[in-house]
Each structure stands twice: as C-alpha cells, then as structure tokens.
C-alpha cells in the first residue's frame, strides 16, 4: 500500500471537528482518541503497546506493503506495526506498569474526592425548590417589566417653576378595559374617604381615585409618583399573599408586616429598573424615566435621595439572580422584629425557612467570586432599608402634614404610610 505521510508531532485535538467521525489511522476503524501521539482505535492502541513492551520482531510473509483494514489487521502484524509507526505512534508515550498503576490510583482517588465533595456540597431540598418556584411565580404575576400600567397614572409633570412651563407628558386615556380601569379614577379626591386597610381584605387589586389636574407647583411630580407608589403597594400585597406561610399569619400580623415593609420592598423592586449608566429608574419610555430631580419634585430631600441612590447602586452591583432577589423581598416582608407583630415566633419560623433557602441557593447556584460574602451583603441591604424607611417616614410626615400635599396622595398611600391630617 502507499505510505501515508508520517507525523511525529503531537496533534492538536482542537484541529478536529467533534461532529466528524474520527477514523483510526492504522486500520480505518472508529477511533476513540489520541493514543501514543496518533488517532487510533482501541484495538490498534493495545496492539502497539503490547508490541513495544515485548520488543516484538515481526516479519511480513508477503512483500512488506500489506494494506491494513479493520477486517484483516490481524493477518500481518509486521505491516500493522509499521503502519502504527508511520502515522506517528511513539513508544516513548507508553507508560510502564508502575506508571499505569499510579495513574489508575490517581484516577480512583480523584473520583473518590469528587464523590465526597459532591456528598458534602449543599443541595436545595424539594421544599426549598418549591419555595423558590412559588416566589418566582409570585414576582412574575406582580411585576410587569413593560410598565404598561404607568400610562393609567396621573401624568408626570416636570415643571419649571421659574417659567411656569412643564415638560411633555403622555396623553391620558381612560378608555381601556372597564373591568380593570373604570374604578381607578374619579374627578375629585375630596369626595373620597381613606379606605381602611383592614377592610381591604389585603386586595392587591384595590382601587385608588386620584384627581387629574395640571400641577405647576414645586411638587409637580407628587401626583404621578403617588400613583406609582400606590400601584406598587398593591403589587407588594399581591406578592406577599403568595409567600409560603404568609397566609398562616393572623390578619392583624399580615397588615402590620405589609404596612411596615411596603416602602422597603418598593425600593427593592425598583432596583430592577435602576440603571447604573445615569443613576435613574428606566421604566420603558422617556416619560417614565425617573431621576433624582423627579424624586425631589415629589417632596423628598437629599437626606433620603442620596442614601437611596447609594443603596440602589450597591444592590445593583451585587448582580443578584432573580431567585435571590425574590427571596430577599420575601425575607424583608416577613420580619419578626416589626413593631406590632403579635406572633413573632411564627413570623420568625417563616423567615428562617426563607433565609435558609437563600443561603443554600447561594452556595449551590451562585458561582464565585460573586457568591463571596453575598448572603452577609444582602442582609446588610435589609439594614440599609430600615434606615431608608425611617427617613422616608420622617419626610412623608412632613409632606403629608400640608393639606395641599395630602390631597394629592391616594387613599392606599394615606392608609399605609399614615394620614397626618386629622
């Protein structure tokens, strides 16, 4: 047979397409990989090893150029060995018996170590996987990444008080689905009595009735952002109701937890739309892109805005998985140390279940380096939220004390955050 070009260099496995069948360079059978510096089948690999170890001397009974195939490779050992050498197989690559034994022991040890490591590696239990699945579903049902409902709020008015001008705002439309929109707006908020939180049956679809007026005051964004916060409270209520164990609490404890955590969870939720590029909350269109000026136009000062932005930046940089994000929101809501909680032990038991799930998830699913101290950093964010909550309450009390501001808020906002006007 014609001699093929011999190769004595180590081929690069990357040069071979994994989808192309690999052929033994000796006999044409299906190759299993590179053996002793050449692509061969298991049969020719074993033949070459045995021949080299025995230092066998073969003689061709014919003229020394037999064509070696899968079917006749046993007929002429001399030409088969010659073919092995021609394609680049080298005896220097053959391990001694001692080396083979050491290699086998190393492989066995590595397998045992991997098995031990795998047995010690934390795994999410079925219950924990179920908790995560429920919370993800709850979040998807209560957070619309298209922000389509924002067009139903009172319009965002970015007023220039010095000139009396205002920026363009979206055209209001109240024509939509009557089942969802007909009760959302009435001509005047003065006609409304603030609804009792306890009588709302924790209904995330509860209605708020803001008035639609053109506001050129320094607080021109207050009506729009009040509607946004009211809408977010409804969604937080909906999310909380689906937290495993939350419905086991008394109605009083549910209300206490929701009232005390609402603004914190809203701040957590808003991180999904927060952008590091320009430190703003991007909710779809330019009209619904909010910056610190917009927050100040709703009556808040830098004492709240600066730590809020710092919090948003820090949380964004943690690069949380969605699973971690929803668990953090649930842990935030179900906090046994909230003032007024009656059955703190039950609340703590629910929170512990959520916290353990979060810790296990981080160890199982969040690869380093992002997972380093991640749980501790997330818990610190909850502490930061408490401080933000306190400052928000202080500024809200000051804001809502003025009747002209209080009347721009919604009944749900007044009920959750308090009504300073008696």
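Cβ coordinates are placed from backbone N, Cα and C, and glycine is handled just like the others.
In Swiss-Prot, the annotation zinc finger applies to 24-44, one of the ranges 3-23, 24-44. Among 372, 392, only 392 appears in Swiss-Prot as part of the calcitriol site alongside 143, 232, 269, 273, 300.
Computed over the zinc finger (60-84), the whole-number mean pLDDT of the model equals 94.
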